[in-house]
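Undergrad: Below are the C-alpha cells for one structure; questions will follow.
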Amino acid sequence: MDSHFLGLTAIVTLGYQLTFFIITALFRFDKVTDFAGGTNFIILAILTLVLKGSWHFRQVVLSSFVVIWGLRLGLFLLMRILQWGEDRRFDDKRDNLGKLAIFWILQAIWVWTVSLPVTVVNASDKQPSVQAQDIIGWIMWIIGILVEITADQQKLAFKNSPENRGKWCSVGLWKYSRHPNYFGEILLWWGVFLASTPVLVGAEWLVVFGPVFITLLLLFVSGIPLLEAPGDKKFGNVAAYRSYKRKTSPLILLPPGLYGSLPQWFKTILLFEFPLYSRNLPQEELSWNRQNQQGSSRTDPKMS
C-alpha cells in the first residue's frame, strides 16, 4: 500500500521529531535541534534503502550523499551550539509550548519534504543505467557540499578570532556571497533532485517540491531574512557594511565588482536581491537604494 515509503517516512519523521520535542520541552535543552534534523535525514535514507533491498548504484550514491551531508551538518551545528551556548532562535520559544511545537512540526515537514527525491528513488523499481542527469546532479552535489563546508568553516574561524568581534564576515567565500553556505545547500539539493529524475514517472515528479521547499525556506523564511535583519540593525549605519551589502550577492557566488555594477532590477529578478533583505537598514540607506535603482533604469542619456 505504501509502495513509495511516503507514509512510513512520515510516521518515522513525526515520531523522531516528537521525541526531541519532548526532550526540549521537558528539560529546556535546545542544543540538539539541528542534530535531530540532520540525523533524521540519515535515518530516512538508510531505512528506505535497506527496506527496498535492491541496492542499485543510483540508490546507493544518493543515499550516501544524504548520509554524508546529514552527518557533517548535524555534527557541525551540534559542536557549534555547544561551543556558543544557547540557540538564540529559541529565545522566544522556551517558555511558549505552542511556538516550540510549531517549530518542531515545521522541522518535521522540512525533513520529510526535502527527503522526497531520495525516498522515491530508493522505493522505485525503475532503475535505468547512469544517465547524464545523474552525473550532472552528482557534480552539483559535490560542488554544493564543498561550498557549504568551506563557508561554514571560514565563518566559524572568523567568529572564533577575538580580533573579529563586532565585525561581519567578509572573508573567503563570504567576499563573493553574503550567504555562500545557503548557496551550497540549495545547489546540492537541486543536484540530488536532478540525479533522481531518470527514475521519475507521472506523479513522482512532484518530488521537485523537495528542492523547491528548501529554496523557498532559505530565501524567504528561516535563512537569509533571519540573518540579514540583525546584521542590518547592528551595522546599518556603517558605511563599509552598506558598501559590502551593495556589492555582494545575497546568494550566488559572484565577483563584487561585477555584482555592484549590475542594475537593481537585474539583481532583484535574477539574483534574489529582494527588498525584504534591506527593510531593516536605516531609512537614508533605503532612500539611496531607491535612487540607485531609478538611476540604473535610465537608459536614455537625454532623460538624465
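Glycine too: its Cβ is placed from the backbone N, Cα and C atoms.
Not my notes, these are from TrEMBL:
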- 6-27: transmembrane segment (TRANSMEM)
- 34-51: transmembrane segment (TRANSMEM)
- 57-79: transmembrane segment (TRANSMEM)
- 100-123: transmembrane segment (TRANSMEM)
- 135-151: transmembrane segment (TRANSMEM)
- 182-201: transmembrane segment (TRANSMEM)
- 207-227: transmembrane segment (TRANSMEM)
Undergrad: Which one, 34-51, 57-79, 100-123, 182-201, has the most C-beta pairs under 8 Å toward the transmembrane segment (6-27)?
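TA: Going through each listed stretch, the top one turns out to be 100-123.
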Undergrad: Quick test of the contact rule: Cβ under 8 Å, at least six residues beyond the ends. What residues does that give for the transmembrane segment (207-227)?
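TA: The answer is 110, 113-117, 119-120, 178-179, 182, 185-186, 189-190, 192-193, 196, 200, 250-251, 272, 274, 276-277.
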Undergrad: Is the number of Cβ-Cβ pairs under 8 Å between the transmembrane segment (135-151) and the transmembrane segment (57-79) three or more, considering only pairs separated by 6 or more positions?
TA: yes
Undergrad: Short question: which residues 6 or more past the ends of the transmembrane segment (34-51) have a Cβ under 8 Å from it?
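TA: Same-chain contacts beyond the flanks: 5, 8-9, 12-13, 16-17, 20, 59-60, 62-63, 66-67, 69-71, 73-75, 77-78, 81, 107-108, 110-112, 114-115, 118-119, 122-123.
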Undergrad: So if I exclude everything within five residues of the ends of the transmembrane segment (57-79), which remaining residues of that chain have a CB under 8 angstroms from its CBs? That is, six or more out.
TA: 31-32, 34-35, 37-42, 44-46, 48-49, 115, 117-118, 121-122, 127, 130, 134, 138, 141, 145, 148-149, 152, 188, 192, 195-196, 198-199
